[in-house]
Amino acid sequence: MPSPRLRFGVLGAADIALRRTVPALLAHPDVTVVAVSSRDTARAARFAAAFGCEAVPGHQALLDRDDIDALYVPLPVMVHTPWVEAALLRGRHVLVEKPLTATRSGAEDLIALARSRGLVLMENFTSLHHAQHGTVTDLLRDGTIGELRSLSAAFTIPPKPEGDIRYQPDVGGGALLDIGIYPLRAALHFLGPDLHAAGAVLRRERRRNVVVSGHVLLTTPHGVVAELAFGMEHAYRSEYTLFGTAGRLRLDRAFTPPETHRPRVEIHRQDALDIVDLPPDAQFANLVRDFVLAVREGPGRLTQHHADAVRQADLVERVMAVARVRWC
């Protein structure tokens, strides 16, 4: 007998939910989207009409429903904790936008609550679910560029409209939490968990008191270095390069590739360039698949996922602790 479909509620009619995540949820044969909530009833109604679900006025009303198994929470990071906690206390599985929280203690507390109740809590960090990074990892493991010496990663985007949530530091958290988290996570993925924050410069806009860009320097205990750049006042850039003793690997469109994108891994060696062409991959669909599997098979599948989320939050705090702020 097939398992019943997983009934999702969407806590917030965010743009990422509309464009990417909810279509991926609905494309999974074992998922249905029941309702969406928003403080803006007209926005919720438009969202619901687009996906054939019910519009609910206010997030608490969605939490109080009895026909929801899981909640997708695309709210701004600085309000994640109260709503994720409330959802877990109501017995709901939770898929929450990255980052889970802005602090290590906050991440640990939510993960502990989910585990104590046997519930799935997953961070919606979709780029981690794209197959291109596995290919790069395999090339590194095979010694394609010799011993790894450094990583350079950048994720930058053009300025957003004036009212964008990213410019509200007490809600959206600014560029470090929304954009800088991508190169930070790449450093954790390729260089391992024992990263030291050697320094950082954060460019903070005086008018809105929000971080709009930054550079971070990380090191491992063995001296491998990561140089990271991020921001929302630049031309678009989404890439990383791994430098080794015998060459370098470069990947463009590393963090937010569309489903139609055909990745190309560049392998640069002395006087030679090789290209590894990869097929398109649907990272949002992959994440939804993994979430459903965790619900069906048990949250024990997420032990490494949770450890990585805690390390990520810890690294963010350590970067902020050493950062020098430059006002603009």
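Glycine too: its Cβ is placed from the backbone N, Cα and C atoms.
Taken from Swiss-Prot, the feature active site, proton donor covers Lys98. Under DSSP, Lys98 (active site, proton donor) is assigned to coil, being neither helix nor strand in the three-state scheme.
As annotated by Swiss-Prot, substrate binding site applies to Arg20, Tyr236, Thr256, with the evidence given as similarity to another entry. The Cβ of Arg20 (substrate binding site) lies under 8 Å from the Cβ of Thr126, Phe284, each of which sits 6+ residues away along the same chain.
Per Swiss-Prot, NADP(+) binding site is recorded for Ser38, Arg39, Leu75, His80, Arg166, Asp178, and the stated evidence type is similarity to another entry. Following the DSSP three-state reduction, the secondary structure of His80 (NADP(+) binding site) is helix.
Here the binding-site residues are Ser38, Thr256, and the one ringed by the most other CB atoms within 10 angstroms is Ser38.
The recorded positions considered are Leu75, Lys98, Asp178, Tyr236; of these, Tyr236 has the fewest other C-beta atoms within 10 angstroms of its C-beta. Among the binding-site residues Arg39, Arg166, the residue whose Cβ has the fewest other Cβ atoms within 10 Å is Arg39. Each residue contributes its Cα atom, and for His80 (NADP(+) binding site) and Tyr236 (substrate binding site) these two points are 27 Å apart.
When the Cα of Ser38 (NADP(+) binding site) is compared against those of the recorded positions Lys98, Tyr236, Thr256, the shortest separation belongs to Lys98. Other C-beta atoms found within 10 angstroms of the C-beta of His80 (NADP(+) binding site) number 25, with every protein chain shown included. Largest CA to CA distance in the NADP(+) binding set (Ser38, Arg39, Leu75, His80, Arg166, Asp178): 22 Å, whole number.
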